[in-house]
Amino acid sequence: GHMVNAIYQIDEFANLGANSIETDVSFDDNANPEYTYHGIPCDCGRSCLKWENYNDFLKGLRSATTPGNSKYQSKLILVVFDLKTGSLYDNQASEAGKKLAKNLLKHYWNNGNNGGRAYIVLSIPDLNHYPLIKGFTDTLKQEGHPELLEKVGYDFSGNDAVGDVAKAYKKAGVSGHVWQSDGITNCLLRGLTRVKEAVANRDSGNGYINKVYYWTVDKRATTRDALDAGVDGVMTNYPDVIADVMNEAAYKNKVRLATYEDSPWVTFKK
């Protein structure tokens, strides 16, 4: 589910069939995660202005992903944080990672004490901001919770050349837990050339990519094209449309929604 920035939308998208949501994170001048907010412009047909304070959103998300909680949504298993680091200077990336880790540890993971169970993908728009990853991972280790890194994956969302993305991960010291996004706003069309390149890297056996997702997919035809190209996931404003296509004869025996028992970091072998 794309652009889930208000707490009530967590339920809304999960009830439409989403097993994963994407949430925008904006930062203040000191690299603190501040709001879950996208702003104008955004996808056609959507309100761009929904928001929460980031820490409040994390608490709402924790409720939705903690078994036994009255707000628990059992099929919600993955959250992509679309980190709007474009407002920061490059030299603030590491600091943003540190602060993100502390916020998640306290408000989402409940300091490691029966917090939310969803897997988290940190999605970074700029390859130059790769130090955010080390800031994040080092902080979780320093805070005594390296085990939570098992729950965390990474994505560079700038549609950069696949080779350049690989280099950024090398600099960040990341091997594994890598999702590769490709896409564009639903207001515009984008072909599947780079998606196919990413899928080939994933399936090569020696590439850096574990999973590939395509965004924003709102139409049945685009959903079919993406599934045919071999993606692991799609981001959509209409989870019910995706569910309909997955139930079509051509797909219902080939693809299914991932559950909590499926690892988001292990490349699926056909």
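Cβ atoms are placed via backbone N, Cα and C, with glycine included.
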* Can you pick which of Asp82, Asp90, Asp126 Swiss-Prot lists for the same Mg(2+) site as Glu22, Asp24? -> Asp82
* Candidates Cys42, Cys187 - disulfide partner of Cys48 as recorded in Swiss-Prot -> Cys42
* Asked: His2 (active site) to His38 (active site, nucleophile): how many Å between their Cα atoms?
  -> 11
* **Glu22, Asp24, Asp82 excluded, remaining Cβ within 8 Å of their centroid (Mg(2+))** => His2, Met3, Val4, Asn5, Thr23, Val25, His38, Val80, Phe81, Leu83, Lys84, Ser123
* Asked: Within 10 Å of Cys48 (disulfide bond), Cα to Cα, which of the recorded positions Glu22, Asp24, His38, Asp82 are there?
  -> His38
* Of the recorded positions listed as Glu22, His38, Asp82, the one whose CA lies nearest the CA of Cys187 (disulfide bond) -> His38
* Asked: Taking the Cβ of Cys42 (disulfide bond) as the centre, how many other Cβ atoms fall within a 10 Å radius?
  -> 21
* Check Cys187 (disulfide bond) against DSSP and tell me helix, strand or coil, would you? => coil
